[in-house]
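Copied over from Swiss-Prot, here are the features:
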type: COMPBIAS; residues: 1-23; note: compositional bias 'Polar residues'
type: REGION; residues: 1-93; note: region 'Disordered'
type: COMPBIAS; residues: 48-60; note: compositional bias 'Polar residues'
type: REGION; residues: 126-174; note: region 'Disordered'
type: COMPBIAS; residues: 127-152; note: compositional bias 'Polar residues'
type: COMPBIAS; residues: 153-165; note: compositional bias 'Low complexity'
type: REGION; residues: 352-421; note: region 'Disordered'
type: COMPBIAS; residues: 402-418; note: compositional bias 'Low complexity'
type: REGION; residues: 583-640; note: region 'Integrase-type zinc finger-like'
type: REGION; residues: 956-1087; note: region 'Disordered'
type: COMPBIAS; residues: 960-969; note: compositional bias 'Low complexity'
type: COMPBIAS; residues: 1005-1015; note: compositional bias 'Polar residues'
type: COMPBIAS; residues: 1038-1053; note: compositional bias 'Basic and acidic residues'
type: COMPBIAS; residues: 1054-1082; note: compositional bias 'Polar residues'
type: REGION; residues: 1092-1111; note: region 'Disordered'
type: COMPBIAS; residues: 1101-1111; note: compositional bias 'Polar residues'
type: REGION; residues: 1130-1187; note: region 'Disordered'
type: MOTIF; residues: 1178-1212; note: motif 'Bipartite nuclear localization signal'
type: DOMAIN; residues: 1338-1476; note: domain 'Reverse transcriptase Ty1/copia-type'
type: BINDING; residues: Asp1346, Asp1427, Asp1428; note: Mg(2+) 2 binding site
Amino acid sequence: MESQQLSQHSPISHGSACASVTSKEVHTNQDPLDVSASKTEECEKASTKANSQQTTTPASSAVPENPHHASPQPASVPPPQNGPYPQQCMMTQNQANPSGWSFYGHPSMIPYTPYQMSPMYFPPGPQSQFPQYPSSVGTPLSTPSPESGNTFTDSSSADSDMTSTKKYVRPPPMLTSPNDFPNWVKTYIKFLQNSNLGGIIPTVNGKPVRQITDDELTFLYNTFQIFAPSQFLPTWVKDILSVDYTDIMKILSKSIEKMQSDTQEANDIVTLANLQYNGSTPADAFETKVTNIIDRLNNNGIHINNKVACQLIMRGLSGEYKFLRYTRHRHLNMTVAELFLDIHAIYEEQQGSRNSKPNYRRNPSDEKNDSRSYTNTTKPKVIARNPQKTNNSKSKTARAHNVSTSNNSPSTDNDSISKSTTEPIQLNNKHDLHLGQKLTESTVNHTNHSDDELPGHLLLDSGASRTLIRSAHHIHSASSNPDINVVDAQKRNIPINAIGDLQFHFQDNTKTSIKVLHTPNIAYDLLSLNELAAVDITACFTKNVLERSDGTVLAPIVKYGDFYWVSKKYLLPSNISVPTINNVHTSESTRKYPYPFIHRMLAHANAQTIRYSLKNNTITYFNESDVDWSSAIDYQCPDCLIGKSTKHRHIKGSRLKYQNSYEPFQYLHTDIFGPVHNLPNSAPSYFISFTDETTKFRWVYPLHDRREDSILDVFTTILAFIKNQFQASVLVIQMDRGSEYTNRTLHKFLEKNGITPCYTTTADSRAHGVAERLNRTLLDDCRTQLQCSGLPNHLWFSAIEFSTIVRNSLASPKSKKSARQHAGLAGLDISTLLPFGQPVIVNDHNPNSKIHPRGIPGYALHPSRNSYGYIIYLPSLKKTVDTTNYVILQGKESRLDQFNYDALTFDEDLNRLTASYHSFIASNEIQESNDLNIESDHDFQSDIELHPEQPRNVLSKAVSPTDSTPPSTHTEDSKRVSKTNIRAPREVDPNISESNILPSKKRSSTPQISNIESTGSGGMHKLNVPLLAPMSQSNTHESSHASKSKDFRHSDSYSENETNHTNVPISSTGGTNNKTVPQISDQETEKRIIHRSPSIDASPPENNSSHNIVPIKTPTTVSEQNTEESIIADLPLPDLPPESPTEFPDPFKELPPINSRQTNSSLGGIGDSNAYTTINSKKRSLEDNETEIKVSRDTWNTKNMRSLEPPRSKKRIHLIAAVKAVKSIKPIRTTLRYDEAITYNKDIKEKEKYIEAYHKEVNQLLKMKTWDTDEYYDRKEIDPKRVINSMFIFNKKRDGTHKARFVARGDIQHPDTYDSGMQSNTVHHYALMTSLSLALDNNYYITQLDISSAYLYADIKEELYIRPPPHLGMNDKLIRLKKSLYGLKQSGANWYETIKSYLIQQCGMEEVRGWSCVFKNSQVTICLFVDDMVLFSKNLNSNKRIIEKLKMQYDTKIINLGESDEEIQYDILGLEIKYQRGKYMKLGMENSLTEKIPKLNVPLNPKGRKLSAPGQPGLYIDQDELEIDEDEYKEKVHEMQKLIGLASYVGYKFRFDLLYYINTLAQHILFPSRQVLDMTYELIQFMWDTRDKQLIWHKHKTSSDKNI
C-alpha cells in the first residue's frame, strides 16, 4: 500500500514511476489483451534498482493548448545506454498528450536512430524525450479500466484525458507475420487505450466516440508504421493503405468488426460447452437459449449436429436432471428435441412435487457444516415416471452400485418409522430424524455397518437385476456356493457366498418373498426394483412409498442424499447365524426353471445351443444347473415346427434301391429346358432330354413350344425308337410336376401304353437330379461351343446335339464304360467328327448360273442323324444342309478369344484323323478338274510360303497342273511357317458407321492382310490386294514371337508407311462387286494365275518366269518388321466389339462373318499371310438333305453378316410410314475405338497424341481412386448383372486436343443396378441465352470454367464391378467400382447431386426455380452444363471467390476469366461468342461450320453464286413410293441423318431462320428420295454460304432480322 500512496500524493520522476508499480493489485487488474505480462517481472526489478539512485524532480503543471491532453516539458536526454537493460523497451509517457512527443511528430521530421527505435531499446534516464513503458502489465493505477460492454473503446477516456496523473504505457509487440495481425491489433488497441486515446478507437458501429485531431492522427500513423512493418501486413490492409496510406482508422474499424464476429462465435461455443441446468430456471427458457445458440452457429457455418449438441446439454445437467446422462447415452440417434421433451417432463414433475411436498427447513448450522448438495438423482426417477418399464425389463447381468462410503455417518441404528405415516419423507441429513422416528432397529442386528449413509435401510436400485445384502441374518432357505456370476456397473465381478429368500412383512400385514444374494463385498445393501416389480410391488417416487398395483401402500420410502431407502424393519429375520453361513446345507427343493420356459425366453433356440451358452457363461443371471433339462430331449415346440419348417434332407443314393430291378431302357428320366429368347421363328426355343437310368444313354429333341401335342409327339418317337432299336419296353418315366407332364393328354397316353409316370414331390428338385444335371451339363457345353466357334445364337440346339453325341461316347468314371457301350453300340468314330464350327467349303450342286462359284463357305455343326453326312451351316444361304460334299479349310480353327493360339494350328492332326477319306477322290477326277480350271481361267488355291533364309524377295514357284503332290509331302521349311487360327468375324454394331466423321465415304486406314483362297469350283476375283509376305524366322525367334500379345501381332506388318510391298491382283469372274476392280488385260490375268498344286522351293528360283511367278517384296530387315513402339507394347487391345476400320477387297470374303455374343480384341478372319490349303473333298453316294432355316432379311441385316452377298432386292419405301418412323433413328457414333485410334491408325502423329491421351486418362482414374485397387474379384463369384462392360473411346475436341475417356457400357446396364428415378440435368439452352442477355444489359463479367473428370468426384452407391483396363492385363478379374464412371446410367445424376450440394452448402448458391442447373446468389449466377460452368457477376472478385471455393474441392480449370474490357471470345457449348462488356454480344458458329461441313461429303459450290434462301418456297415433296436397293437405302438414310443432325444443332443454337426448313426435312429422313436429298444439299449449301452470319445483341437495343 505504500507504493499506492506514493503514486497518488507525491510527484515522482519517470524512473521512480517505473519502480513504484509493484503492487500486487496491479496484477489482479491485468488486461487479458496483454499477452506478455509474465515476462516483465525482471524488468521491474532491474528498473527499480536503476532508478533508485536517481534524483526526483517535480513534474511541470503547465496545461497545453489542447484541452484534452497535458503536454510535458522538454528535458535533456542522456546518451542511450543499453547495457543493464536487455528487456523490451519500457517507455513511460510523461503526460497524456502525444502531440508533445517529438518522436511522434511528422513522418519527415522523426529524429531517431535505428538503435533508439529498436523494441529492445530501454532509455534509462529520467529525462528521456521518448515515452517510457513500465514493466508491469495491466491498467495503470490512475486510469479506470474500460467498461465491460466495450472491450476496445474506453468510454471514460475523454474525461480522463484532462488528468495530469502520469500514465505508464507498454508498447505493442512487433508484427512478424500476416497471420498474427488479428492478435497484434488487439495489443495495439490496448496500447491506444493506455495512451489515453480510447476515444478515437472506432466502436462496433464503425464510428469513434470523439473526433480525432491531427496530432493524434500523426501519432496513430507513426506508431502503426513502427510496430507493423508493411511486409507483414495482410492483403486487405495493404489494399486500404494503397488508397490512403494514412487511413489507419479504417483498418482499426474493419479489424474490430472482424473481432466482434469472431468473438460472438467464440462466445457461443464457450456458452454451449459450459451449459449448466438444474431446474432453477424454466425449461422453456433453457431450451430457447440453447436452440438460439445452435441456430446462430449453424448460420455462421459452424455445424453442430444432434449428437454433439445432446452431449453438451447432458454434460451440464445436474440435480434431478442428471440421470438423463445415463438413460440417454445409449440412444445413438437421439435429437435435441427428444432430449428437451425429457427435460420438460422432469421440470413439470418437479414443479408438481414442490407444490405437494411439505417444506422441511434445515438449520443454518447444518447447512454450514454440511456442504453436500442433496438433489434428486439418477435411476429411481425412471421408476417413478414409468413403473411398467421396470416390470418388463431385465438386465443381462446383475449390477450393483459401488459407491464410495462416507465416514460422517453416526453409529446409531434407528429406522423405526411410524406405520401410519403415508406422507413423503425428506431427510436432508441424519439430524433430520426429529419427527418421532427412531433409527434403531427393534430386531437384533448382527452386523453393524458404520459406513452406510443411512444405517438399517436398503438402497432402492433400479439398475440392479438382483437383490444383494451383506448380512446373512435375513436370508431364508440359504444355499451355499452358488454358481452365479454377478458384476457391478464397472464390469467387475462380485463374489457370491450364498443365495436364498428375502421375506418382507409390510404394514398391511402381507408377506412377500424375493430372491437375495449374500456378499460382503458391496458398499450398500441393494434392493432390486426389478425383483419387487416381479411380485407386483412398485416404487412411487411422487408419494415416496412402496405400493401394489391396486394402490395399497406397503412401506414409506426415505430419501437421503441422492438416493432412496427402505427400512430393514420390514424384513423377517432368519434363524441362521452368521458364522455358519458358508456351511448351510444345500436345499434340493430349490425350484428349477422348466426348459420350455427357457426355450421360449431365448428366442426358441435349440437345447444344445442354450446349454452350451449357459455352460460358458455367455448368459448370466442363472446357470446350467438352474434349468430342468429332463424334458429337453423329448420336447417338441409347436411354434418351432411351424416357423422352422424345411424340406426333408435328400439322401444321396436313396433312389438306387428303387431302380435295381430295372433293365436297360425300362426307367427313363426326362426334363424340359427353355425358353431361349430373341431367336428367329425357325430356331427351336426348347429342348426335351431323356436319360436311361441303367445305361445313362441320352437323347435330346428340339421343341418350338410346350404344347401337349408337341410333347406327345416326342414321347411317341422316343418310345418307338427304344422299342424297335433296343427291343425294350419303357416301364417308368420319372419327371417333374410341370404342366407339360401333368396334362390329361399325356397321362392318358402313358396309361394306354402301360407306362407308370413317376412324379417328383412338390418343391423337391433334388429328387430329379439325373435330368437336371444333364440339362446343366448340356447347356454348359452349348455356351462353350458357341463361344469357341463364334456361331450365332440360333444354332444353340446344334451345339446341344453335338454335345449329346460326344457325351454318349465318353466313359463314366463310376461305371468305367460309356453310355454307348452299356447300350451295346460301337464306339464313336472320331474320324467322322469335326470340331464344332469348323470352317468348310460346301459344293453347290445346283448353282443359279454356270459362271457363279460352286463353293459355298460354311461351318460344320454335328454328324447327321439321318445319313452318313454332316450338318453344315451356310450363312450366305441362311440354312443348314446335310451333305458329304465339303472340304475342310486348314487354319480355319474355332475362335479362342481368351488364349493366344496364334502360333498353333491343328491342320496336321485334322489331316491325320481324316486321312482315311482321301482315297475317295480318284486321280482322274483331280486331273479332269485341273484341266477344267485351266481352260476356264479358274484358279485353285495355292500355298504361299516363305523361305526362312530369304526375307527380301520370296518367290513362289509354279507347279505344273499334273503335279498332284499331297500336302503331306511338303518340305520342312513349309512346316515351319506359322499358321494363325482364322476366326469367324465378330458381330459388328449396325449403328456404327465408318464414314461418320470423315469427308470421304471410305475411311482412310491401314488395310488388313487377307488370306488368299479360291474354291475348287472356280471363279477368280480381280482384286488389287496388297499382299505382304511375313518374315520366316528361326525356331527361337518364332517362339518369342508367339509369346507376344495376340492383339498386336499384325500391327507392324499392316502399315503401309513401314512396309514396301507389291500389289498382287487376283482375278475372278465370279465376283458380284466390280466397283473397285481395276481393268486388267487378259495377258496380265494369265500371268498372275496361282496354280492349284502347292509347292515350296527351298531356295529362290534362278529363272523367274513371268507367267507363273508372283513377285512379293518384304521389309528389308527382320527387326523392322517386328519392331513395335515401347509404349504400344503396354497397350493391349481391350475387349471391344471389333470392326474392320476399312472396307477393302478380300479374296476370301466369301467366308461369312459369324455373330458372337461377347467381345474380343481379335479381329475375326485375320491371320498371317499364309494361304489356305484344301483337302480332297469327301464324296458320298447319298444325296444331300438340305434343311433350310428361314431367317428374315431384317434379322440378316441386324446381324451384319458380310459374306457372299445374297441377291439384291428392291425395297419399297412409303412416305407416310417413313415420316412416322423418324423418331426411331439411332444416333451416329462420333468417337473412335481403341483399335481405330491406336492399333490400326496409320497417322503416326495422331496415334501418338491418342496414346498420350490414353495414359493421361489412366493416371486420372488412378488419382481419383475410381475403383478399389486393394482387391480383385473372380468373374465367376460376382452376379453377372452387377458386372459392367467398359471400353476406351477417343475423339478430337473442337479446340484440336485429343482426348481419351474410359467409359462404361451403360447401354447394356441391368435395370436393377441403378435408380431409374434419378436424372442428370444440364442447363437449358434458353436459360443460357437468357443469362447471356442479362449479362450484356448489366455489364456482367463472364467467366468460363471446366472441371476435369467431373463424374469421378461423385461416389457410387450401388455395388458394381467392371473389367480392369487393358493395360493391367487381367481379363479374367473384376474390380469394384467406387466412383461414377462415365457411361453409367446413374453417373450424371450422382454428379449433379454432388455439385448441387456443394454449390448450395459451401458456396451459398440457390438453384433457380424452374430452371435446373442455374444457381444464383446476390452476386453471382452460375450455369452448369455437366462439367462446364459459366459464371456471371457484376464484380469479377465475386467470380474469383467462387473459383477459389471450387478449387478447394475440384480440379477446376479457368478457360476464360473474362477480365478484359476489350472484346473477348468464348466457346460455350458450341457457340462462338464475342463479347465486349457494356456494348455488344455476337453469337455464331463460323469456325465450327467451316470445319464440319466439308466433311459431310456434300457437293458444295464454294465459288459460285451464293444462295439467297435455304429452300425454294412453295415446293411440294413428291409422295410416290420410293423403290430402292436396301443397301443404297441405308446409305442415304445415314447421309440424311448426318446432314439434318448438323443443321438442327445449328438452327436451335442461333440460326432460328432455318428451323422451318430443317424440321420439314427432318420428317423425311427415312424417305431419302432424290428430291429430298437435293433439298437437303441446298440447305447445307445455304448454311455454307452464310456461315459467317452472326446473331448480334446490342446493349439496350433489340436485335433485328437484318443481323442474321
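Just so it is clear, glycine is given a Cβ too, placed from its N, Cα and C backbone atoms.
The binding-site residues under consideration are Asp1346, Asp1427. Their Cβ neighbour counts within 10 Å are lowest for Asp1346. Look at Asp1346 (Mg(2+) 2 binding site): DSSP puts it in a strand. Mapped onto three states, the DSSP output places Asp1428 (Mg(2+) 2 binding site) in strand. Sorting the domain 'Reverse transcriptase Ty1/copia-type' (1338-1476) by DSSP state (H, G, I as helix; E, B as strand; all else coil) yields 36 helix, 49 strand, 54 coil.
Other Cβ atoms within 10 Å of the Cβ of Asp1428 (Mg(2+) 2 binding site) number 17 in total over all chains.
Across the region 'Integrase-type zinc finger-like' (583-640), the prediction's mean pLDDT works out to 79.
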